[in-house]
């Protein structure tokens, strides 16, 4: 085994998603993943805690999202600040080169109830983080929570659209359009 | 042990919450709960799967919520239909006699990260059920999801207010007021 392991993390992640698709998530072991990547099992554990970590530890969208919401111009309204946040995700996290990985990741998650639960918790965590960032801009209690729920929905819906195999648009463009549609929908449902 | 066990389920639930408060959730066993209630361990397992079941299996708000949304008058708008749903919860699930149990339940959940995760999943499930019920009324995709997110927030915020120790109002009244505040907040945050 070479001691120099270029792109080990990405090779392990790609190997894992290949195997999850080929033989199923449950049936794939960490040893299988390391072998497919041509790396040692110990190398896997330097990069991930376990095989679920391949799907959930990779990106940390909360950081750039919260930072961009906080840094949005003072005159930006609550949902406008969310738009700055989603735009930052398109630049820093959901970049074009990450799209193939994301596509395969979603397919694995959709197929497993326990992974869908984990994904739902991650989404709830992102919504909560958005709520705190919006409240930090001086938006009062319930309005900050409304903004976070709508922002969380925008993020989820934009992520689904962006990871559609037929799509080609930037995440930022998709997110902006999704937020506009949510603004219109909100006017309809108020009743 | 008497074979006739009146109100066994409620006695077990009350005993469990007393013990969770006194000695902590982790430190309480099913045997402790059964003993405190003056019942056999086997009786506990006829009513609950495990001690977590005392906190999460008790009520199934999704049923009455979804039924009332589906049965709302045809001319009711999406958020108005949610109002019918929350009103049904006040009549059938979050009744005045359930308030003391709910207060203690919330305190236990707040104190444990894994129980908070379980609660977040339950909330996500209720939001999804609301979304399907609203879509079943012919509300198109994104508008149904927006309604569900706002309805889910209304349910969560109303539940928090209702289970505040200082509160005395009916759940239905609190929910109606919360939904009104959310309607106003939505107008503010659209930006």
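Along the chain as shown, residues are numbered 1 onward.
Heads up, the Cβ atoms here are built off N, Cα and C, so glycines get one too.
Looking up the ranges A:29-48, A:49-68 in TrEMBL, the one annotated as DNA-binding region turns out to be A:29-48. Taken through DSSP, the DNA-binding region (A:29-48) splits into 15 helix, 0 strand, 5 coil.
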